[in-house]
Every structure is written in C-alpha cells, then in structure tokens.
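Copied from TrEMBL, the annotated features are:
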- 15-33: transmembrane segment (TRANSMEM)
- 40-61: transmembrane segment (TRANSMEM)
- 81-106: transmembrane segment (TRANSMEM)
- 127-150: transmembrane segment (TRANSMEM)
- 156-177: transmembrane segment (TRANSMEM)
- 189-210: transmembrane segment (TRANSMEM)
- 253-272: transmembrane segment (TRANSMEM)
- 279-299: transmembrane segment (TRANSMEM)
- 319-341: transmembrane segment (TRANSMEM)
- 353-371: transmembrane segment (TRANSMEM)
Amino acid sequence: MSVENTKFYKLTTPIFIQMVLLVVIFLTDTVFLSRVSDAAVAGVGGMMPLLLSGIALMHAFSDSGTSLLGQALGAGQPRRVSAVFAVMLLIGLLVGCSLSLSFYGLSGRLGNWMGFSPDVAEASRQYVLYIAPLFLMDAFFINLNSLLFAHGETRWNMYAAIGSAVTNFVCNIGLMYEWVPGWRLGPAEVAMATLAAQIPPILIMAYAVFVRLGVRLRLNTISRTDAVWGLKRLLRIGLPATVEPVSQNASQLVMMSMLAITGTAAVAAFAYGKNLFVLLSYAGGISIGIGTQIVVSHYQGKGAFAQADSRLKTSLKQFIPFAILVVILVNLGAHWILGLLTHDPEIIRMGQLVLLYLLIIEPMRAANFIIYPSLRGSGDVNVPVAASIVAHWGFGVGLAWYLAMHLGWGMAGVLAGIAADELVRAMVNLQRWHAGHWQAYCTPATAASPSA
C-alpha cells in the first residue's frame, strides 16, 4: 500500500510512540539526576539547548532528505532513493564527526561561559564530555530513521525507540543500585547510559533497511546523475535550514543565561517544567509534522499539489486543539507532578509558571511543528529561515532581555520572549504556505530551483 493510501493515524501513531519514548529517555535522565542534586539537573538541563542545537544541525540535512526520498518514491524513482540516501549518510558522518570533536574540546568551558555556579558548571562539564560521541552515532541513527519514514515503514522506528528506552532505563537503574562496583549515578554516567541506548535502535533500523526493505548501497550501482542531484538539493535546502535550529537553540542558550542570573532554582524549574510538557506536546507535534511531511512529499513527487495542501491544513485543524488540551491537563496536575521530582517549593512554584506560559506558547509551536518541515522539504526554505532568525533574536531574545533584565520580570520575561518568537514564526510560516510558493520548488521528478 502506498503512503498516500495509508490511514494517517497508522502512519503517525508509531511515530508518536517513538517520539514519546525518545522524550522519555531525556525525562528518565532528569528523574535519575534529581536523585543526585538539583545542581546536576540544572547543569545537564542547561546544556540541552546546545546539545539539541547540534542534533538539529544534523536533522536539517536528514529531515530535508526525508522529503527528497519521499518525492523520489512518489515519482517512482527507486534508484534515486539509494543515491540520495548515500549522500545523506556521507554528510551525516562529516557533520557528526565535527560536532563530536567540538563538544569534546569545549566541554570544560561551556558552563562557565553561561555563567553557571561552580557545582552546576562541573555537572555540565561532565555531561558534555561524555555525551560528545552521540553526534557520530546519530549520523547512522537519523539517516536510517529518515529512510524508514520516507517508505512509510514507521513501525520499525517505533521498535527502535522501544529498544533505546529500555536500554537507557536499565542502564540508569544499574547505576542507581551500583550493579557495577564504582559506577554510580552522576552526569557522566547518565551520559554514557544515553550513548549505550543508541546501539539497539541503530541495529534494529539497519536490519529493517538492508534486510526487510532490501536497500543496497553499492557505489557501482548508484547513478552519478542521481547522486549529484541529491547532493545539490540537500545542500540547497540543508545549508539554509541548518541556520534555523542553530539560531533557535543559540537564542535559547542566551535566554538560559538570563535565567542563570536569577539563580539555580530558575534553571532547574525551566528544565523540570519543559521536560514534563514535551512528553506529550512535543511528541505529538513532531509526529504529526513528520507524518504530514511524508505524505506531502509523496504528493509533491506526483505533482498532486492540491492534495498536499489539503493534508497539511487537515493536520493543523486536528493537532492544535490537541496541543491546547494537553497543556491544560498538564497544568491541572502541575503541582503534584513537579512534587514527584523535587521538594524545593521555589522550584515547584517557578515550574508551575513555566507550564502556565505554555498555554500561550504551545498552540503556536504546534503550527510551526507542522508547517515548517513541509516548507523546508519542498525547498521553500530561505524566507522562513530569515523570518526565524528575526523572530529568535529580535522578538525572542530582545523582548526577553527587556522584560526580564530591564523591567525585572525574571523568568516571566524570558517566557514572554519565547512566546513572541513562536508567534512571529507561526504567522510567517502560515502565510508562506498559503501563498503557495513551495509548489514551484518541487515540480514532479525534477530538481527545479527557482529563486525565493
């Protein structure tokens, strides 16, 4: 059965479960680190925007590749699929190796640069030092992941995530009870547990791709024309697309530094509150966004632009109310849930403030989760990226600084800046999709490259 004829919920439900489990890994790390100290949570949580920035940099190419693979499959060009995948893997290995070396070299300085207290900075140093190889492993993980997405074989992505979550949980339990003498819970050990948890999903997805789907990467069978087409398209879409997540996470690092000025409690509260909420909202938004991107790319490959437009708008109508409902439910149980993670009343109070602001932020973030991946995969990337940079720094950081630092709003000012950032990007992305410029970038079975 083709991707277009597959029930949308059958396509997205495994992705949703996969995303929930991947978020659970980070949440599990937070829960176990909370048994060490709030400083450990703050140190690791404070590094998350930087870590996610590196991962997002790699995803800028692999996620763009998902759409190119889908367009090739929709156009009935299986040989182009192998060529594009080979190029994606090569780019992923180069970027992953560079990021791993960079994080390793800077591990001892990042916490101090962000103004963390000595104990928080030490926790961040230990975590970054040992998590650095993650990027090299991710080169295999995310590209195998993208190929399975493009084929609509999302159940294998789910199986891989189950293997990762189970491995991570078992490793953390082993650290907590010191199954191995001398190994106990700490930022470095939690990072190593995360690395170990990447091995099962890579093996599972490799089996699905090379055995079940029968994909072959013999260089002598890959068309030079297809490889050059894939490289040009990936670079034309991927290079501008790398700027958006790096800009977003860099702006979040700046705002995290603003929080650090107010104390460890604010950083820990932000980490607790955000991690709690992403379990459902982020997972739901990303799964709907990926599912929409997959179906839209297949329609684009066939030149069925009206169906592609209809699919995206249906996703918006279905998911935004869901995001609002989830954030309301999380807010209703916020005090009890946060109380399971920390006994510090100040952190609980500030964590509730984070969740309250998400009532405003999440509907707009949901729209961005759905629209931007399809715009990017279509090739209409320059205007959305430029608007994102303005939103991140002009509205996000600028407003956060004015409210938090100048007017003394503290955490509330930073959260208001995040809300402004999401609103501006949602408005631009929606207008850009509605204008239909993306259609000119993805004519069926061609590599059209019009100017923005």
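Cβ coordinates come from backbone N, Cα and C, glycine included.
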Tertiary contacts of the transmembrane segment (319-341), as residues 6+ beyond its ends and Cβ separation under 8 Å: 30-31, 34, 272-273, 276-277, 280-281, 284-285, 288, 347-348, 351-352, 355-356, 358-359, 362-363, 365-367, 369-370
Close approaches to the transmembrane segment (15-33) from elsewhere in its chain (Cβ under 8 angstroms; 6 or more beyond its ends): 40-41, 44-45, 48, 149, 154, 157-158, 160-162, 164-165, 168-169, 172, 175-176, 185, 187, 190, 193-194, 197, 271-272, 275-276, 278-280, 282-284, 286-288, 290-291, 341
Feature contact check the transmembrane segment (253-272) with the transmembrane segment (40-61), CB under 8 Å, 3 or more pairs: yes
Stretch among 81-106, 127-150, 253-272 sharing the most Cβ pairs under 8 Å with the transmembrane segment (279-299): 127-150
